[in-house]
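Please read the structure below before turning to the comments.
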């Protein structure tokens with residue numbers, strides 16, 4: 001018998017009392033720990049949750065993470081881990097396959113939905129955060145007292161690809177903008193690319209030339225070029241996923257954050273409390289603090305207090321249910337965006 | 001004779017032993033018990049059928065990237081462009097794997113593998129031509145071509161070949177019929193391992209018993225002599241570089257059809273470069289490269305899962321890999337032989 005299986009037995013023995021005592025593992029995505037982004041954020045939430053629940057938690061990194069999907073998941077399942085949270089997007093199908101063979105182990109996958117009674121899928125209500133970003137942009141674009149804002153009521157958004165997953169952001173953004181000012185024009189473009197800042201730079205500059213002064217990027221690495229364009233031309237960009245305000249301080253109006261830390265903390269907490277949402281899709285929105293606008297550290301001082309108060313008011317209305325933000329993934333396309 | 005064989009074995013094992021010693025120091029300094037960590041690594045690499053299967057899965061791409069590198073190295077061509085061929089071969093095979101809907105396995109698998117190999121070979125035509133016609137250093141051209149290949153595939157998979165609705169840079173999944181059969185379900189070990197192993201063994205025979213095998217080794221040892229005795233050196237170098245690219249492309253194609261089942265960002269964590277270390281550590285010999293690929297495969301498979309049972313971070317495993325590579329390049333065997341010569 002090897003030492004690993006001895007350890008596994010020991011772990012199994014301590015977990016006999018309650019299933020949710022078994023240790024948890026967090027599989028780190030490409031980029032690894034230290035990326036000061038997605039992985040680090042998720043690991044923060046993971047550490048907090050396992051400490052609070054007093055269960056053992058292990059992060060697993062691999063340079064070869066794409067190829068080792070099933071191998072890592074199976075090894076951890078064999079060894080008596082009770083919960084596996086997988087951050088790597090490309091592990092989706094492998095996770096669903098492995099989960100079938102280990103009905104007593106719980107699995108979590110982010111940003112996609114996978115089947116299985118012991119699999120929880122975590123999605124973010126990106127449309128809610130995007131709504132606030134659109135509302136803020138519409139308020140700012142008509143306020144020429146703010147430096148860099150022209151007299152044209154035009155804002156823009158650049159998506160990485162024409163897909164419903166990306167249009168979910170765009171629809172929320174347009175709805176937010178039109179709710180505060182129906183006269184604001186929202187230019188929409190797709191870069192058909194998530195990894196090329198040069199394309200983002202070009203497309204954003206074209207939008208700024210056409211009179212837009214704020215452009216929301218939903219295009220991953222391509223979006224870095226949008227932020228660069230904002231900096232070069234003295235306009236504004238809106239960041240996405242992580243807090244990108246610091247990439248070009250003062251040129252990024254705000255960022256639409258996806259709080260991966262909150263997501264991981266929530267599911268680990270549910271697991272420890274025996275309320276694991278197996279077979280369900282957990283959607284984290286403004287209410288759960290799963291999406292949010294950034295603190296606007298570099299731009300807050302430029303924006304009138306009344307504008308910020310209006311955005312907070314809209315947020316309260318979403319939380320209370322007075323405003324329903326269109327979810328393009330669940331509801332299909334709305335009339336105002338076909 | 002036996003003494004010479006033992007000396008060879010010692011020379012081949014020495015880099016690994018030295019790396020373990022240095023790794024032990026790093027582990028001890030960082031507050032881990034080296035012996036228990038090594039025991040855990042050994043059991044995670046070889047403890048039971050499932051772990052052995054995982055190790056062999058991790059070994060598979062390295063067998064062929066090592067072979068692709070060795071074929072060029074032994075002819076004296078320092079081709080460091082296998083990584084690029086791996087990316088292109090993987091993308092080509094994955095693309096055919098989801099395009100050729102409805103094709104039976106018997107047709108789609110050979111076609112996709114062949115396409116992967118051909119694109120890898122074609123990728124080497126330019127640097128091979130530049131080398132034999134104009135004497136352009138192949139290290140520079142093949143290294144630079146890696147960046148082009150990685151970025152080209154990244155652009156394609158972020159744009160024209162992106163799966164609809166995918167939030168990740170990935171092609172659609174390949175057809176079920178295009179997947180290489182698994183050898184030991186539920187483990188990920190697939191037919192690609194057998195193909196790769198067979199090719200390395202075939203190379204061993206080619207190396208020993210064929211005229212081209214002998215000639216290309218001779219060219220690597222002394223190109224001027226070969227020219228003097230009438231061997232067409234440029235033509236031989238050209239063919240060896242293309243062959244190297246073909247195998248590199250095939251390696252990527254096998255990885256796509258056998259394991260990943262699509263092309264995705266981060267398709268290779270540097271298999272082409274680890275292949276260089278495999279060729280160097282294995283001294284371009286078939287058996288040596290199989291063992292070297294196994295060493296790196298074991299480090300990769302155990303490196304990930306030991307984190308489940310210890311607090312050893314992945315960086316320690318990377319230190320070990322890096323140290324093995326450094327000592328692999330050093331000709332430690334010379335040191336041994338010199339000593340004996342003096343004594």
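One-based numbering along the chain as shown.
Every residue, even glycine, has its Cβ placed from backbone N, Cα and C.
According to TrEMBL, the transmembrane segment annotation covers B:52-73 (among others). Nonlocal intrachain contacts for the transmembrane segment (B:52-73), taken as residues 6+ away from its ends with a CB within less than 8 angstroms of a stretch CB, comprise 45-46, 79-80, 82-83, 85-86, 183-184, 187-190, 192-193, 196-197, 199-200, 203, 216, 220, 240-241, 243-248, 250-251, 254-255, 258-259, 268, 271-272, 274-276, 278-280, 282, 284, 289-290, 292-294, 296-298, 300-302, 305.
Per TrEMBL, the feature transmembrane segment maps to B:85-101 (among others).
Annotation source TrEMBL lists transmembrane segment at B:107-126 (among others).
Marked as transmembrane segment by TrEMBL: B:138-157 (among others).
Look at TrEMBL and you will find B:189-206 (among others) tagged as transmembrane segment. Long-range contacts of the transmembrane segment (B:189-206) within the same chain, counting only residues at least 6 positions beyond its ends with a Cβ under 8 Å from a Cβ of the stretch, are 53-54, 56-57, 59-61, 63-64, 66-67, 70-71, 179-183, 212-213, 247, 251, 254-255, 257-259, 285-287, 289-290.
What TrEMBL lists as transmembrane segment is B:236-257 (among others). Sequence-remote contacts of a segment are chain residues at least 6 beyond its ends whose Cβ falls under 8 Å from one of its Cβ atoms, and for the transmembrane segment (B:236-257) they are 60-61, 64-65, 67-69, 71-72, 75-77, 79, 81-94, 97, 109, 112-113, 115-125, 127-129, 131-132, 138, 174, 178-180, 192, 195-196, 199, 212, 215-216, 219, 263, 267-268, 271-272, 275.
According to TrEMBL, the transmembrane segment annotation covers B:263-282 (among others).
The transmembrane segment annotation in TrEMBL covers B:289-310 (among others).
According to TrEMBL, the transmembrane segment annotation covers B:316-336 (among others).
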Given the transmembrane segment (B:289-310), which of the listed stretches B:85-101, B:107-126, B:138-157, B:263-282 has the most Cβ pairs that are under 8 Å apart from it?
B:263-282
Counting only residues at least 6 beyond its ends, the same-chain positions whose CB falls under 8 A of a CB in the transmembrane segment (B:107-126) are 79, 81, 84-86, 88-90, 92-94, 96-97, 100, 141-142, 145, 149, 174-175, 177-178, 180, 241-254, 256-257
Under an 8 Å Cβ to Cβ limit, what residues of the same chain, 6 or more beyond the ends of the transmembrane segment (B:138-157), are close to it?
77-81, 83-85, 87-88, 90-91, 123-124, 126-128, 130-131, 169-171, 241, 263-265, 267, 272
